[in-house]
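Feature list (source: TrEMBL):
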- 27-267: domain 'Xylose isomerase-like TIM barrel' (DOMAIN)
- GLU152: active site, proton donor/acceptor (ACT_SITE)
- GLU251: active site, proton donor/acceptor (ACT_SITE)
Amino acid sequence: MSLSPLKFCANVSWLFTDLPSFAQRMRAAAAAGFRAVEAAWLYDSDLEELQKTRNEAGLEVVLLNTPPGDLKAGELGLGAVPGRESDFRQGLEVAVTFSKALDCRRIHLMAGRIPEGIDRGAAVQEMEATFVENLKYAADVLSKEEIIGLIEPINTRVTDPRYFLATPHQAAAILQKVGKPNIKLQMDVFHWQIMDGNLTQNIQKYFPLIGHIQIAQIPGRNEPDSPGEVNFSYLFGLLEELGYQGYIGCEYKPKGSTDAGLGWIREIPN
């Protein structure tokens with residue numbers, strides 16, 4: 001089967017991490033054959049250097065995350081955290097500044113964690129209401145810049161037990177309440193498989209909502225052709241049949257060097 005319509009981008013927060021700077025990783029991604037990159041947080045980098053690297057390497061920047069807040073204090077996004085609305089808005093402004101400078105058209109609006117010492121059941125209602133209002137605000141800001149906002153379920157079984165947004169079903173319900181066409185669903189196969197499995201039906205059901213896809217094998221979060229639970233050849237074929245036009249982000253931990261683990265993508269015509 002020809003998978004040529006599918007496009008892959010290198011997540012430079014996960015790949016080429018032997019290189020210290022994001023600019024170096026971007027150049028390495030281009031040298032490895034990637035035409036696009038994505039990243040979590042580039043905000044400590046020199047923006048002009050990133051612009052120059054992007055232009056010289058001929059890369060498209062596909063996705064950035066909103067700032068996480070205070071990582072040392074255990075924060076991982078602020079979108080659903082009550083009382084942090086102004087900080088969320090400031091972070092969104094920073095993300096938009098970088099995205100516009102890098103011509104990036106997608107921003108992952110990170111939900112954040114349930115605060116320490118608070119039961120999930122007790123927190124969900126208030127956090128959802130906060131998230132919905134923040135997403136409506138973000139939708140209006142992003143629409144002026146022609147940027148898509150994304151929300152991503154992160155699994156609470158392995159990766160982050162306190163993350164607020166955990167399943168595609170929860171995300172879809174929130175998107176319905178937000179009701180903005182430029183706020184979409186980010187599907188990370190790693191998280192979806194761990195939380196719910198049932199990948200074929202979930203992808204088909206939620207495909208109209210999906211604005212970006214990321215991949216990693218389960219359980220090790222390594223290359224998609226490494227041993228694991230998911231048949232990526234089948235999933236790639238399914239996405240091709242459904243007519244997915246966006247990029248698929250390679251957000252995985254290479255088992256060895258990044259280059260040594262890219263055999264799977266070099267076998268896919270593009």
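Yeah, the Cβs are placed from backbone N, Cα and C, and that goes for glycine too.
TrEMBL entries are annotated by machine, without manual review.
Using a 10 Å radius centred on the Cβ of GLU251 (active site, proton donor/acceptor) and all shown protein chains, the other Cβ atoms total 23. The 10 Å shell around the Cβ of GLU152 (active site, proton donor/acceptor) contains 21 further Cβ atoms across the protein chains shown. Summed and averaged per residue, pLDDT over the domain 'Xylose isomerase-like TIM barrel' (27-267) gives 97. Recorded residues GLU152 (active site, proton donor/acceptor) and GLU251 (active site, proton donor/acceptor) have their alpha carbons 13 Å apart, per Cα-Cα distance.
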